[in-house]
Amino acid sequence: MKSALAPGIRLITSFSRDSWYRGFILFLTFLFYTAYHLSRKPISIVKSELHRNCSTVIRPADINITNNATWCDWAPFDQDNYQTLFGVLDNCFLVAYAIGMFFSGIFGERLPLRYYLSFGMLMSGLFTCLFGLGFYWNIHSLGYYAFIQVMNGVMQTTGWPAVVACVGNWFGKGKRGFIMGVWNSHTSVGNILGSLIAGVFVSSEWGMSFIVPGLIIASMGILCFFFLVEKPEDVNCTLPQHHSVQESGEEEPLLQNSSHVDRTINGVISTEPAEIVEENTEAISFCGALSIPGVVEFSLCLLFAKLVSYTFLYWLPLYISNVAHFEAKEAGDMSTLFDVGGILGGIMAGVVSDYTGGRASTCCVMLVAAAPMLFLYNYIGQRSLGTTIGMLLLCGGLVNGPYALITTAVSADLGTHESLRGNSRALSTVTAIIDGTGSIGAALGPLLAGLISPTGWNNVFYMLICADVLACLFLSRLVYKEVLGWCGCTRRVRGFKEI
């Protein structure tokens, strides 16, 4: 008698070759961008070690001290304007990142993604390690650290347009919000791992808080070089359908295994080859990408949404340390709860936007809810440990949910918009425009926080609340169009309406 297949083998064979490749690419790009964010996080953890409350630190007997108040600080951050200096470092990275992002998409369209990503991760790892080596080389020059931040910011721009373009090459639009919501958790996972890794070394040898993440992202660059597959056709896999199924009012399964579709004609089901839109391989211009409906609105919304998110990314550990009086490691560990909330918020935003078909409305509702939650967190968030945990999770979900949705599903929807007539190479440029505009906000947020925080943390939170409100206003036209679509006034396409 023929023996039955083992359950594990049956599970493996139940998925097609295309499904395995798509799952592999999704997992691989998840690892890559986790490493990108992992290498960005250490500076926010190390800030509270570079400038400490030296009165609470036990002074070694063999150290000759000239200033009792700053003897344990790392020059040049031992000065009274240390918050401004931290803001300078943040903005050296973020301004370089914002400017470089607009050019990164252009290069990403014209260069092989595998080489582009590998180079970016290797160089980013190098500059991250060089920042940490400043501890062992006893470097106290602000110029050195600022230069490293600028170069690292430029190298980090290679990541986002390339990974989104790669995922967009492999996946169609069916349930894109949910899948990309789960996939986009790499941002928060990277922040969490970066915080935990940096926290291990921050109180002893803070240089290792940078060197270890630098080695991790460099190793991911090597992995990318050997294993990334840019397009399905490179390994003879089925191409995803971006438009033809939508226009017939049907959804395309995310892991499409067949190049045929079933059609019912006079009660008889027939199988016919799916209509493939002829792909236009010409790279899209910057102005052409801006003319795609929704690109400008979502870009400006992301500017303010990312302003809020990155202010928390760079300043939350220091805020917790100052207000709740936690040690550097404890504050870093506590700040990871904001990113845990961000994972849940990103997935929830993707699920809701898939179900409703309203990307803009989903973002707007979450941003409206985030504003009062930020106000409450500032006033009651530190009253007890339970309150702190709950408020961090809630604020993280509401702040990072819209940010995650816009940078993933929305960018991919716009980059494969039917007006592009199958031009898959436009995805990298559209993604770079949206994320590049958002990165301007990412640069402004930490800068404003550094300038405003000496006047009190309350004023920082008022600034964040104002940014949330502005983000909502820029989506108002798209939300109005989506509401009209739900009322049957316009034809609805997944995530967007005819404008």
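Each residue's number is its place along the chain shown, starting with 1.
Even glycines carry a Cβ here, placed using N, Cα and C.
Caution: TrEMBL annotation is automatic and unverified by curators.
Annotation comment: TrEMBL describes 25-483 as domain 'Major facilitator superfamily (MFS) profile'. Annotation source TrEMBL lists transmembrane segment at 20-38, 84-103, 115-137, 143-171, 183-202, 208-229, 295-316, 360-380, 386-406, 426-448, 460-480.
Highlighted: of the candidate stretches 20-38, 143-171, 183-202, 360-380, 386-406, 20-38 has the greatest count of Cβ pairs under 8 Å to the transmembrane segment (208-229). Tertiary proximity for the transmembrane segment (115-137) is limited to same-chain residues at least six positions away from its ends with a CB under 8 Å from its CB atoms, namely 32, 35-36, 39, 42-43, 107-108, 144-145, 148-149, 151-152, 155-159, 162-163, 205-211, 213-222, 224-225, 228. Counting Cβ pairs closer than 8 Å and at least 6 residues apart in sequence, the transmembrane segment (84-103) and the transmembrane segment (426-448) reach three or more and so form a contact. Under 8 Å from some Cβ of the transmembrane segment (183-202) lie the Cβ atoms of residues 26, 29-31, 33-42, 44-46, 48-49, 167, 208-210, 212-213, 313, 317, 328-329, 332-333, 335-336, 339-340, 342-343, 346-347, 350, 396, 400, 404, 407-408, all in the same chain and six or more residues away from its ends.
Taking Cβ pairs closer than 8 Å, the transmembrane segment (460-480) reaches residues 294, 297-298, 300-305, 307-308, 311, 315, 319, 358, 360-361, 363-364, 367-368, 370-371, 374-375, 377-378, 399, 402, 441, 445, 448-449, 452-453, 496-497, 499 in its own chain, all 6 or more past its ends. Over the domain 'Major facilitator superfamily (MFS) profile' (25-483) the predicted model carries a mean pLDDT of 81. Away from its own ends, the transmembrane segment (143-171) comes close to residues 21-22, 25-26, 29, 32-33, 36, 39-40, 88-90, 92-97, 100-101, 103-105, 108-109, 113, 116-117, 119-121, 123-124, 127-128, 130-131, 134, 179-180, 183, 228, 230-232, 240, 254, 407-408, 411-412, 415-416, 424, 427-429, 431-432, 435 of its chain (Cβ-Cβ under 8 Å, at least six residues beyond either end). Proximity of the transmembrane segment (426-448) to the transmembrane segment (295-316) is established through 3 or more Cβ-Cβ distances under 8 Å for residue pairs spaced 6 or more apart. Beyond its flanks by at least six residues, the transmembrane segment (20-38) meets 117, 121, 124, 156, 159-160, 163, 166-167, 170-171, 179, 183, 186-187, 189-191, 193-194, 197, 213, 216-217, 220, 223-224, 227-229, 232, 235, 237, 254-255 of its own chain at Cβ-Cβ distances under 8 Å.
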